[in-house]
Amino acid sequence: MKMVHHSGSIQSFKQQKGMNTSKSENVKEPPLKPSRRSLPCLAQSQTHPHSLSKHSSFLQPNQVQPQPQPVSAGASTTTVDVVSERAKVMETLESNLLKLSNTEYSDPFLDLGREKDTYTDDSEHGNYDSRTDQSLLIKNTPTRQKPEPRSKTSLKNDMSALATSGLFFKDGKKRIDYILVYKKSSPQIEKRSTFEKNLRAEGLMLEREPAVTNNDIMFVKIHCPWDTLCKYAERMNIRMPFRKKCYYTDWRSKTMGSLQRNMRELKSWLPRNPMKLDKEALPDLEETDCYTAPFSRARIHHFTINNKDSFFSNSTRSRIVHHMLQRTKYEDGKSKMGITRLLNNGTYEAAFPPHEGSHKSRHPIKTHGAQNHRHLLYERWARWGMWYKYQPLDLIRRYFGEKIGLYFAWLGWYTGMLIPAALVGLFVFLYGLFTMDSSQVSKEICEANETVMCPMCEKNCTLQKLNESCIYAKVTHLFDNGGTVFFAIFMAIWATVFLEFWKRRRAVLTYDWDLIDWEDEEEELRPQFEAKYSEVERVNPITGKPEPFQPFPDKLSRLMVSVSGIFFMISLVLTAVFAVVVYRLVAMEQFASFQWYFIKKYWQFATSGTGVCINFMIIMSLNVVYEKVAYLLTDLEHPRTDSEWENSFALKMFLFQFVNLNSSIFYIAFFLGRFAGRPGKYNKLFNRWRLEECHPSGCLIDLCLQMGVIMVLKQMWNNFMELGYPLLQNWWSRRKIKKGGQLLEHKFSLPQWEKDWNLQPMNLHGLMDEYLEMVLQFGFTTIFVAAFPLAPLLALLNNIIEIRLDAYKFVTQWRRPMPARATDIGIWYGILEGIGVLAVITNAFVIAITSDYIPRFVYAYKYGPCVDQGYRQEKCLRGYVNSSLSIFDLSELGMGYSGYCRYRDYRAPPWSSNPYEFTLQFWHVLAARLAFIIVFEHLVFGIKSFIAYLIPDMPKDLCDRMRREKYLVQEMMYEAELEHLQRERKKNGKQYHHEWP
């Protein structure tokens with residue numbers, strides 16, 4: 001078999017020929033001319049960077065057109081078994097190179113066309129048969145083309161690179177679209193043999209090759225020929241380009257006002273936005289500005305086919321092959337089909353589309369260009385140096401598919417929207433920092449040298465002066481100041497604006513990515529569902545075919561059991577929180593009598609800090625248990641399809657982890673110190689441990705500490721598990737290969753499919769873990785933001801790292817996932833809306849109950865020195881600290897103390913007629929708190945609803961473009977059909993008229 005490469009003229013040869021050769025006839029049609037109305041869409045036909053043509057054009061050989069014969073499931077197939085060692089392959093290539101070096105360079109394609117490229121298939125039984133299957137021969141008769149002269153060294157290097165690239169079959173022509181991996185020792189030989197025979201009958205081409213590093217592993221390479229691609233693209237209604245878009249925007253420029261034109265000219269003189277990607281370095285980011293229509297073989301002349309190799313992108317080819325793999329039978333029976341079932345029963349070990357080569361290059365991308373899309377994504381997206389750049393969403397979508405592209409688009413949109421929230425939160429924090437020393441409350445606490453506070457524990461606590469909590473008072477003012485209410489309202493509105501504008505952004509993306517008219521295919525039933533309910537059937541209203549049916553009583557009973565399991569796990573979370581509370585009560589006494597002076601002095605801080613760390617360890621431990629329980633409960637429900645299973649599992653995981661993360665925060669925010677009692681009559685847990693009460697400066701400092709530690713530690717842990725763990729796994733795999741001495745790195749490198757096999761597969765749940773992490777972070781950012789205004793800033797910094805971590809993981813550490821399509825982010829949008837509603841309620845309660853905003857407000861307007869003036873300033877809070885502290889007689893404790901001490905509450909003094917009863921100020925504060933909650937919620941919900949009403953889900957100009965495009969598509973399709981009929985009349989010699997047919 002002779003193999004010739006000509007990097008300079010293969011592409012031009014294809015374009016000149018048009019590649020419109022009929023399979024059934026030997027008549028060659030002339031190449032399609034562009035419409036008189038528009039130009040062909042060249043951007044869509046290009047799948048590799050422009051700069052790639054100079055350096056790796058040998059990776060784009062001529063596309064061949066096989067014509068396989070259908071093979072029945074039971075029939076035996078004859079294949080040419082070629083199993084050889086890597087050295088033999090290289091030997092053959094070198095011998096071919098010697099032959100080619102003696103031929104004339106003026107006509108290499110004649111020799112290429114004279115040879116027949118035989119489909120090869122390595123038998124797993126080892127009986128290597130040399131018979132030729134005539135049905136699998138590939139015929140190709142290219143025309144004569146004069147290439148540029150090539151040196152022997154350059155040609156030899158190209159051939160060697162092609163043989164070892166791992167992107168093509170052994171003939172160097174058929175591109176690998178999918179990889180199947182199985183073990184030779186697997187007993188499922190019959191199922192695998194039948195499955196592969198049926199794949200060939202469907203039109204796919206297969207080639208086996210053993211692994212280099214493991215003698216038990218066999219790879220099955222799959223190639224989808226042009227005719228099969230066209231057939232299934234028509235079945236799957238894949239939209240393909242056929243004309244360049246015409247927007248007719250001249251009238252807009254004419255009617256544009258002078259001010260708008262001047263602004264546009266001024267903008268052109270401004271420096272370029274450094275966050276934008278350089279399109280010169282990213283030629284693939286040029287928009288595919290073409291009209292698209294569902295592909296049809298009957299109207300193939302309508303579509304812009306400049307190159308059959310690149311007309312269907314690699315992700316589209318992989319999606320078509322995956323569609324075929326899911327619908328091919330391996331045994332007789334209604335449900336005995338699909339690669340998913342074969343993976344579950346151990347017939348195959350893995351199935352994945354290959355990466356487009358290495359993500360690294362010895363040459364810099366600026367001077368030599370990108371080798372492939374993976375290299376381009378790594379250099380312009382996954383590297384840490386690109387952290388401030390916009391994401392190349394079109395390239396991500398083209399390589400990984402629309403579903404993953406939408407995830408990164410949502411993550412980027414969320415990160416961008418965090419910028420104003422982080423700035424406002426930082427402003428609130430800095431406002432508290434600059435006004436910390438001038439705060440009237442902090443001044444009074446720091447200057448209270450004579451005020452004695454009551455002991456905060458039973459045995460080991462001593463009497464303390466109020467000024468000893470000066471630092472706590474100043475830190476509390478950083479988060480609890482005049483800007484707290486404004487920031488809470490701002491974040492509630494921000495959450496609504498974020499979701500509403502994301503819907504607009506999603507609409508634009510679905511239009512640009514041709515997802516407007518896309519509808520998800522009718523999903524297949526899960527094998528577990530079919531096995532469980534195979535006895536009861538009913539007709540599916542969509543497909544019209546009978547399928548297994550789950551009776552309603554059975555579904556209801558399983559749902560009730562699942563809900564009971566959810567409540568049980570939530571009660572387990574509450575039990576863990578209760579255990580942490582008991583620890584705090586016990587540790588409080590121990591730290592108060594600790595030998596170290598620092599611990600003894602700041603025993604409250606030590607108690608809270610250790611409690612937070614223990615709570616975090618419990619949270620991370622329970623997350624592992626929750627995942628397994630969620631699996632069991634979801635499987636117990638027996639969902640009908642995989643999407644129903646994923647939605648049910650995602651909802652359970654969110655509920656478990658949300659309660660697990662936030663239960664301790666809810667306790668500190670709304671329960672800590674509320675039921676502690678008063679001196680002399682404290683409430684005790686089990687009549688043994690005195691309940692914990694708030695610090696003299698309030699409970700907000702404990703809430704901030706809890707949120708800050710959990711948020712930072714969880715983000716660090718997640719980042720390690722996302723990147724560090726796969727890095728360790730891949731390093732260990734490479735180490736085992738090197739230790740076994742199975743790979744001689746200096747002689748040849750692993751082919752691409754084996755490199756991908758050594759990478760980690762994508763998470764079992766797909767993007768669920770990624771979305772879950774970000775949605776939980778969104779809850780942290782919005783729900784308790786009134787207590788921790790730095791949460792948006794921490795989330796922003798984490799997300800900047802998260803985008804590059806995920807990009808690096810997808811590009812370098814994971815196998816290439818199957819490019820799936822999607823139009824939205826699924827169930828997560830509803831969860832985000834629910835979090836936005838909950839955030840309004842919790843922030844209202846945090847401001848009213850946890851912070852001292854309402855008590856200060858009531859004092860300033862009712863009891864302070866500014867009662868008659870009607871306005872509030874810092875001087876209006878003079879005397880607030882003394883007003884918020886009640887008096888207790890120390891002699892009633894029976895601990896040998898005398899005199900009076902102060903404690904946080906609104907109670908009558910011991911010498912009053914009703915000692916230690918709530919005062920009128922307590923009821924005023926309570927009424928103001930309840931009124932604030934009602935007014936705040938109604939006001940914010942009203943603003944949120946009004947903003948959601950004002951912001952349309954789809955931009956106005958996008959609606960106009962869609963309507964205009966629909967009109968033009970119909971007109972252009974009719975015009976293209978007219979031109980085709982006129983060409984047919986000319987070809988048949990009929991008289992040509994200029995009227996409509």
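The backbone N, Cα and C atoms fix where each Cβ goes, glycine too.
TrEMBL: automatically predicted annotations, no manual curation.
The annotation region 'Disordered' is assigned in TrEMBL to 1-79, 109-156. Per TrEMBL, compositional bias 'Polar residues' is recorded for 8-24, 43-59, 133-144. Positions annotated as compositional bias 'Basic and acidic residues' by TrEMBL: 112-132. Among the features that TrEMBL reports, domain 'Anoctamin dimerisation' is placed at 168-393. Taken from TrEMBL, the feature domain 'Anoctamin transmembrane' covers 396-965. TrEMBL lists 407-434, 484-502, 559-582, 602-626, 654-677, 774-797, 825-849, 926-951 with the feature transmembrane segment.
For the transmembrane segment (602-626), the list of distant contacts is 456, 569, 572-573, 576-577, 579-580, 583-584, 587-588, 591-592, 594, 653, 656-657, 660-661, 664, 695, 702, 705-706, 709-710, 713-714, 717: same-chain residues at least six beyond its ends, Cβ to Cβ under 8 Å. The average pLDDT the prediction assigns to the domain 'Anoctamin dimerisation' (168-393) is 81. Note on the transmembrane segment (484-502): residues 410, 413-414, 417, 420-421, 424-425, 428, 781-782, 785-786, 789, 792, 829, 832-833, 835-836, 839-840, 843-844, 846-847, 851, 853, 936, 939-940, 943-944, 947-948, 951, 953 of its chain, located 6 or more positions outside it, place their CB under 8 angstroms from a CB of the stretch. Counting Cβ pairs closer than 8 Å and at least 6 residues apart in sequence, the transmembrane segment (774-797) and the transmembrane segment (926-951) reach fewer than three and form no contact. Outside the transmembrane segment (559-582), and at least 6 residues removed from its termini, the chain residues within Cβ reach (under 8 Å) are 611, 614-615, 618, 622, 626, 629, 632-634, 636-637, 652, 655-656, 659-660, 663-664, 667, 685, 689, 692.
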